[in-house]
Structure formats: C-alpha cells, structure tokens
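Chemist: So Swiss-Prot lists the following for this protein:
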REGION    1-26  region 'Disordered'
COMPBIAS  1-22  compositional bias 'Basic and acidic residues'
DOMAIN    25-88  domain 'HMA 1'
BINDING   Cys36, Cys39  Zn(2+) 1 binding site
REGION    82-131  region 'Disordered'
COMPBIAS  82-129  compositional bias 'Basic and acidic residues'
DOMAIN    132-195  domain 'HMA 2'
BINDING   Cys143, Cys146  Zn(2+) 2 binding site
REGION    198-238  region 'Disordered'
COMPBIAS  198-230  compositional bias 'Basic and acidic residues'
MOD_RES   Cys280  cysteine methyl ester
LIPID     Cys280  S-farnesyl cysteine
Amino acid sequence: MGEKKNEGDNKKKGGDNKKKNETPSITVVLKVDMHCEGCASRIVKCVRSFQGVETVKSESATGKLTVTGALDPVKLREKLEEKTKKKVDLVSPQPKKEKEKENKNKNDEDKKKSEEKKKPDNNDKKPKETPVTTAVLKLNFHCQGCIGKIQKTVTKTKGVNGLTMDKEKNLLTVKGTMDVKKLVEILSEKLKRAVEIVPPKKEKDKENGNENGEKKKGGGGDGGGKEKTGNKGGGEGVNMMEYMAAQPAYGYGYYPGGPYGYPIQAHAPQIFSDENPNACVVM
C-alpha cells in the first residue's frame, strides 16, 4: 500500500512540473511593411517556421501581422528582422523593460516641463506659431503597398496633422505645419518617382485676372492714341474722306503710221508752161 501511494504522489508531481514548464499561448501583434501579396506570403512562411507558432494572420493593407502560440515576442521580432531585413515593430504585448523605460521618459519629460514653467522667461516675446497649411501633391499610386508606404512616410514627417488620398486623380492632400518642399524631397527619394505640388485654385484665378487686366489696359492705350491724332485735325478731320492718289504714269507714245501707198504718175503742173496758152506769163 505504501508503494502505491508513493507512485501516485510521483505521478502528481510529474504532472505539476509539466504544467509549470508549459508556457501559455499568447497573441502577438507585429507591424511589418508588406508591399504586395507575395511579400505577405513570404513573411507568413518565415513566421510559421519558428518554434511554438500556432496560427498566423496577415493584413497587407495595414501591414499588421497577428501570431498566436507559446513563444517569446521579443525573440520573434528580432529573428523576423534578421530574415526579412525589414523593420518590425512590436505592437503588443510590449516587454516590461520597454514599459519601464517609457514611464521613466514620461516622468523625466514632466519634470523638465515643470522646471521650464518655474524658470522666469528672459524674453517676454512669444514665438510665432507656424500657420496650418494644406498642400496638394500629385504622384502615381501603383498598388496598395505603395499607398501604405506613402502613408507611413507622410505620417512620420514632422508637423503633419492629417492626410487624405484620392486614388482616381492620384492626389495626396496633407494638412499641418510641415515644410512642403522637404516633404516632396522625402517622398521623391523614398518612392523614386516624380512628386509635383499642385497650386491652389485661387492663385490660378488671380493670375488669369491679372493677364486679362493687362490686355485691357494695353487696348485702351491704343484707342487713346488714335483719338489724339484725330483731334489734331479739328472738325474737318472727322468728315475727311481718305483716298489713294494715283501715281503719274510715264510712257513713250508713238503716233500711228499711215497706210502703205504706191506713187501715182501725174502730169506736171502747166501753170507756168510755155506750151499752155492759158498759162501765166512772168514779165
């Protein structure tokens, strides 16, 4: 009887030790850049190869990767970064050390703020607040991965408050106190494509209005010049008819020649002839 009791106690102890050694399954949420379905399938295969992984779900649109199983989330993140050579963010659960660091940083920031408030301001002048601007950018959206990359780069830039995307027109509207030129440079470097700043409609309307005004002013000046030239002639200038005077023509005129004739044989005049009895006599 004593031996049977000892065997039962040993079995219970062994079962308790197994339960203690087994780590409970947890849900780990990671954030990775997944450009397309091919990238997502590769990352899922890589995660499934790790020990303790039970299920893996990927969302390529948001770059979210959900993993369940008995595993260490920090080690999983580090190994995934090594294999994929991409930045992997651990959304949940956060390790205790990182939480403690965040709490310390928050406390330090609060202390600094309180000290700054206590210090007297040497300059009473307040710094000028940068105005909130709205910039419209034009660039090509190739696929869902490109859209996610654009959203990530824009949200990381300093001073951006919000953004909206128009996929049909390929327009990106950004609101905030950021430097638009720097934002354009960052996007063109990371995406390796042309990014244009679309000017607002008001500026275009003003430019068109100025051009029309200049044309009207120029036409009025010409009309004024014509009126001045007409007034110099007085009242006669109004009723004066304009005509083109014909230039004098110089030509070489020849009289028409007579018809061609033949010599006619006629008798010589008999007025002073001696043979004519009726002729005149010169004394």
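Positions of Cβ are set from backbone N, Cα and C atoms, glycine also.
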Chemist: Over the domain 'HMA 1' (25-88), what is the model's mean pLDDT?
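Modeler: Residues in the domain 'HMA 1' (25-88) carry a mean pLDDT of 84 in this prediction.
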Chemist: Cβ distance under 8 Å to Cys39 (Zn(2+) 1 binding site), same chain, sequence separation 6 or more: which residues?
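Modeler: Same-chain residues close to Cys39 (Zn(2+) 1 binding site) (Cβ under 8 Å, separated by 6 or more) are Asp33, Ser60, Gly145.
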Chemist: Could you measure between Cys143 (Zn(2+) 2 binding site) and Cys36 (Zn(2+) 1 binding site) for me? Cα positions, answer in whole angstrom.
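Modeler: Cα-Cα, rounded: 8 Å.
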Chemist: Please list, for the domain 'HMA 1' (25-88), how many residues fall into helix, strand and coil according to DSSP.
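Modeler: Going by DSSP assignments, the domain 'HMA 1' (25-88) contains 24 helix, 19 strand, 21 coil.
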Chemist: Considering the binding-site residues Cys36, Cys143, Cys146, which residue's Cβ sits among the greatest number of other Cβ atoms within 10 Å?
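Modeler: Selected residue: Cys146.
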Chemist: Do me a favour and check the Cα-Cα span between Cys146 (Zn(2+) 2 binding site) and Cys36 (Zn(2+) 1 binding site); whole Å is fine.
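Modeler: Cα of Cys146 (Zn(2+) 2 binding site) to Cα of Cys36 (Zn(2+) 1 binding site) measures 9 Å after rounding.
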Chemist: Count the residues of the domain 'HMA 2' (132-195) that DSSP assigns to helix (H, G, I), to strand (E, B) and to coil, and report the three numbers in that order.
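Modeler: Once the DSSP states are binned, the domain 'HMA 2' (132-195) shows 25 helix, 19 strand, 20 coil.
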